[in-house]
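These notes concern the structure reproduced below.
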Amino acid sequence: MSAAEGQTKEIILRTRGVGKTFGKFVALNDISAEFSRGAITSIIGPNGAGKSTYFNLLCGAFAPTKGSVEFEGKDVTGLPQHRFAHMGIAKSFQITSVFPQLTTRENIRVGLQALVSRYDIWRPRARLTELVERADELLALVGLWESRERAAKTLAHGEQRALEIGMALASQPRLLLLDEPTAGMSPEETRTMMDLIVKLAKERTVILVEHKMKLVLGISDRILVLHHGELLAEGTPQEVRQNEAVKRVYLGQREH
Amino acid sequence: MTGATESIKQPRATTGSWYEFATRHRASIVAAVILIFPLVMPFTALAVNILIYGLYAVGFNLVFGYLGLLSFGHAALFGTGAYLCGIAIVHFGCPWYAAIAAGIAGGLLMASLIGVLAIRTRGIYFAMVTMALSQCVYYLFYQAVDLTGGENGLRGINVRTIDLFGLRLDFINPMIRYYVIAAFVIAAFFVMSRILASPFGAVIEAVRENEMRARASGYDVTKTRLLTFVLSGGFCGLAGALQALHLSIVPIEILHYETSGLVVMIALLGGMGTFFGPMIGAAVFLILENVVSVWTVHWQLIVGAIFIACVLFFPAGIWGTLIARGRR
């Protein structure tokens, strides 16, 4: 469970006092946190706690209105999102987001291509055979090899979620950000996904946003609890479970 | 990994083998059809029109069908190509090949200008901004009377012979004129096929399919859109230049928003986002216009009704519907 304890405590990602306001609404206020390399860190909290906002700041989908984000010691605050992918940060979406009309394999191949060729209008892409081979490896890893020639829109919900993870992996991230990866999944699919996440975390850092606390207690090295846009608690699953403030928040709206 | 390369040439869901064959040899098929086309057409002038409007629609389709943005200002790209080609000949006495190059450059340049201003908007806003900018271009050319002839159009683009490495081709002869223009159109089709099969071609479709996902994957969506729009401008500029050579005059109406609307109709009719669609759309539309206008002066009524019927019953367009049938 605590795989990170034996590892170095190197910090891969750090936020210093980040906040985000939408007009007058303060979605997130002054959050400072550090994320260790190689660990699984989960960000939990009830609805409207600011989890998704925080997540979007981490992956560069939008810039914070104050504070800064640091990745591997570099200040990345306010960089355009596509640059985050180039640096080694990849994300999956809360609501499934794939290229619906393209085949499963082409979805991943396009993800891979972003690292190699983005503006080449002349060479045939059929020559980039290594991308297809890498795509096939990733398809096998996320369990979609059988569905490789199907259009992504025809996949079942759980398969689309898996495809999404595959696409996030395509950019060879050192940091993988997952936004509610099990949203809308059956218990069976959820178990498969959790196993996959643990497997992926062996080779890279994972940050997970999750609504259901129970789900992440077992696999996380560290947990951040957000509430009303503030950092309510932080610690190992054990510490968080026993934290009085966390208990109040989660009991107040019935733990899932 | 024997099946490994198929998905690249054919990124969409698996379909019938005839479709795969057509996709693999798409540019050659177009070339073959274009070469025999005038032999089955009643008059060559119509065949030339179909070539030119087909090429215009092919350029437009790159933005509309492949990138998924509806531009209502493509007349500016087509028209600038025509005017620059004409101006190069009339005012600067350029040879025909330099004039065509000027037309392509004009299309690229105008697309860069319009693109930089419009590309951050999307949906109806993109359509409106491109339309407004193309109206600006219309007035610009309308006012520059010394250069463009204003409302009389630019006259006197007389290219009688095409010199090709010592070979003198009689450009007045309709058949020779057709094949000279066809050579450019076929070359453009090969270039387009190449672009669509390139890594960038995959990026264009990815951006159309899911902009947010493309961005998260590491693609600069704005830059991709701009580059696609500029490429589209090159094709439309070439089409415009050929139109100027063909008509010997550039009428100011070429910049009118009707020219922008026409290409939307042609692309929809043939099948947006398909390789052959725009050419088929141009052929069907112009032949219909030609045939029906012989019977009645109210040809627009009938062609309009046919167009509406097509959009209602075959929303994927003529070629798009055929592909869908082939997939079953």
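Backbone N, Cα and C atoms are what each Cβ position is placed from, and that goes for glycine too.
What TrEMBL lists as transmembrane segment is B:29-56 (among others). Under 8 Å from some Cβ of the transmembrane segment (B:29-56) lie the Cβ atoms of residues 22, 74, 78, 174-175, 177-179, 181-182, 184-186, 188-190, 235-236, 238-240, 242-243, 246, 262-263, 266, 275-276, 278-279, 281-283, 285-287, 290, all in the same chain and six or more residues away from its ends.
Taken from TrEMBL, the feature transmembrane segment applies to B:62-84 (among others).
Residues or ranges marked as transmembrane segment by TrEMBL: B:96-118 (among others).
Annotation comment: TrEMBL describes B:124-142 (among others) as transmembrane segment. Among residues of the same chain six or more beyond the transmembrane segment (B:124-142), those with a C-beta under 8 A of the stretch's C-beta atoms are 69-76, 79-80, 83, 110, 113-114, 117-118, 148, 150-151, 252, 255-257, 260.
The annotation transmembrane segment is assigned in TrEMBL to B:178-197 (among others). For the transmembrane segment (B:178-197), the residues of the chain that approach it from at least six positions outside its boundaries are 9, 26-27, 30-31, 34-35, 37-38, 44, 47-48, 51-52, 54-55, 58, 62, 66, 100, 162, 169, 171, 204, 231, 235, 238, 242, 245-246, 275, judged by C-beta separation under 8 angstroms.
Look at TrEMBL and you will find B:226-250 (among others) tagged as transmembrane segment.
The transmembrane segment annotation in TrEMBL covers B:262-287 (among others).
Under the heading transmembrane segment, TrEMBL lists B:299-324 (among others).
Same-chain neighbours of the transmembrane segment (B:226-250): 48-49, 51-53, 55-56, 58-60, 62-63, 66-67, 69, 71, 74, 77-86, 89, 96, 99-100, 102-112, 114-116, 118-119, 148-149, 153-159, 171, 177, 181, 184-185, 188, 192, 195, 200, 204, counting only residues six or more beyond its ends whose CB sits under 8 Å from a CB of the stretch.
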